[in-house]
Amino acid sequence: MVLNFFDQFMSPTHLGIPLIVLALSLPWVLFPTPSARWLNNRLLTLQGWFINRFTQQLLLPLNVGGHKWALLFTSLMVFLIMLNLLGLLPYTFTPTTQLSLNMGFAVPLWLATVIIGMRNQPTAALGHLLPEGTPIPLIPVLIIIETISLFIRPLALGVRLTANLTAGHLLIQLIATAAFVLTPMMPTVAILTTAVLFLLTLLEVAVAMIQAYVFVLLLSLYLQENV
């Protein structure tokens, strides 16, 4: 039997309807909503503490003008974390393994930071394309290089998130397949492989959260350059 390990990254459909819409809407259903009571339960308190700590950490290097993005960045962070973690459950689909979806997040937000920089401080925004004190013969080359690096930023954002999650899912499936095949032949090796699989799953949980944080952190750094 020939296995195609990349089938797990295909967007599932039911009756011709893509289920990626359901996968994208499911995290919002799982979030607890604040109540009208004076005291919240433990889950709401933990959620509020996490959001407050993350917002403070994210907005620390930004000036007052960048604080307007707090709600957007925090919502995106929590949304990506939930998508990545739900994708680790069995028989589920991870939308963030699709480059098109990640680019759909990265390109508009990156473009918004660039437009804000061009509108509020065009001189400083264009000054990033040419470091101070550059020799005259190198000016055209550096402008081209900096412009290319500027337009590569959204691609790097999307590819980083896609590649890390895809590699982790592939590695988990490879080790799980090896453990399943080795069970009847070499039970001891299969048990050791299962232990490695368990540790790798814990690592993948950490990667799922870290990559969501890195995605939003880089967007905040791009915003910091333009506000």
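For all residues, glycine too, the Cβ spot is worked out from N, Cα and C.
Only residues 6 or more beyond the boundaries of the transmembrane segment (12-31), in the same chain, are considered here, and those with a CB under 8 A from a CB of the stretch are 47, 78-79, 82-83, 86, 92-95, 98, 101. Here TrEMBL flags 12-31 (among others) as transmembrane segment.
If one looks beyond the transmembrane segment (69-89) by at least 6 residues along the same chain, the residues whose Cβ comes under 8 Å of a Cβ in the stretch are 23-24, 26-28, 30-31, 51, 54-55, 58-59, 62, 95-97, 105, 109, 161, 165, 169, 201, 204-205, 208-209, 211-213, 215-216, 219-220, 223. Positions annotated as transmembrane segment by TrEMBL: 69-89 (among others).
Note on the transmembrane segment (101-118): residues 20, 72, 76, 80, 95, 124-126, 150, 153-155, 157-159, 161-162, 215, 219, 222-223, 225-227 of its chain, located 6 or more positions outside it, place their CB under 8 angstroms from a CB of the stretch. Annotation comment: TrEMBL describes 101-118 (among others) as transmembrane segment.
Only residues 6 or more beyond the boundaries of the transmembrane segment (138-159), in the same chain, are considered here, and those with a CB under 8 A from a CB of the stretch are 99, 102-103, 105-107, 110-111, 114, 128-131, 215, 218-219, 222. Annotation source TrEMBL lists transmembrane segment at 138-159 (among others).
What TrEMBL records for 171-199 (among others) is transmembrane segment.
What TrEMBL records for 205-223 (among others) is transmembrane segment.
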